[in-house]
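K.L.:
Next up is a structure, given as structure tokens.
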């Protein structure tokens, strides 16, 4: 059975029945906590205005040379408290502010790398719900941090859950849904879910000015997703790739009842798990990432896939975590950065429906790269123009990130899709882990435009690299490694 046969076999379900609607909206809603949790560090690690506590005694030159021996006083004009005021992350401890974001993003990197392998081995559904629980529990545990080190360790584990359930939900929806609905989900649905959650973050932070109150607000909604276990099924495609045909048929028959259509007596006729899998036999389960890196793609096109992901992640997180520089009010800055993602994701949906993948990715990378290059040419008197160009860059990086998630899922076969998506995501998180350089005091003082020049250069180089990737527009998702190789054609 080929992948086209699979889509033909389930065509009787239709594309937008009750079953697909439930899966679509529940998976999209499950992404909301990723949006308001992923960038909470913008508010949790922001530094309020502060000064040394001055003792009411006669001041001497000796006292002034000792530093803030009596501690610091923090303004409460914007925040009641952050982890900066809680753990005194100022002066010699100031480096811990951006490094907190780096630790969180390193957790995202680790989660990207391992969650895909676990999902391809044990299934999309258990990894999806397991990592969602991980994210919820450790976000809540951060409330009880007694030191910055404890907070950072918990943030690292939280980062593992953040990306893992996002990737699992993305792949699960791509494999359950078909046709135009799958395109809608991978471009507009799941990405808008993230953007809406992102826009909710400044609202939470505005009304809950304390860091503990904010963490409580972004962790408790995870409990609302427990009932989803009984509504979201395992991926029939993944079950078929594991030879579990009866379980896959059971899910499809349940979907037929929900959609009120009659299922045929035999849904997956003459299915053979070994069809098209000659290379998979050499890829033991524990070595799936090795298969992705060595067996499935030559090194050259693999780099052409990973480099754009690295660039887009570096740009996306670098611009997102730098939102405090856009406006004097951090809440407005964060909302602007989040709001620009809505038109970006709409443009991705249109691009996936009507335009070739390579052309879309190349165009987005060039727009983002050139807008960031032009920033250094804007005089300081035209700050509004500088903000507009940075928002164009954020638009492009957001659109490119969303488009590349969909593109990657279309290139890899079902047997390795989650591992491949996770591995690509892990490589891209190396870029996001480096993005804190954009807000570094040293960088801001001496090389103000260096981060933008680096991101712009990488974007242009990545646009050229995409030329060597195969086109996937209008083609069914590959089920096996052989099917993927049959359609490889790296240069148009």
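Glycine is treated like the rest: Cβ placed from N, Cα and C.
Predicted automatically and left uncurated, TrEMBL annotations should be read as such.
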K.L.:
Among the residue ranges 183-207, 233-257, I'd like the one that TrEMBL describes as transmembrane segment.
P.N.:
183-207
K.L.:
So which range, 428-448, 449-469, gets flagged transmembrane segment in TrEMBL?
P.N.:
449-469
K.L.:
What same-chain residues lie close to the transmembrane segment (137-163): Cβ under 8 Å, and 6 or more beyond its ends?
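P.N.:
Residues 34, 37-38, 41, 83, 87, 89, 93, 96, 99-100, 103-112, 114-115, 131, 212, 215-216, 218-220, 222, 425, 429.
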K.L.:
Under a Cβ pair cut-off of under 8 Å, which of the recorded stretches 22-44, 99-116, 214-232, 359-378 contacts the transmembrane segment (183-207) most often?
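P.N.:
Maximum Cβ contact count belongs to 22-44.
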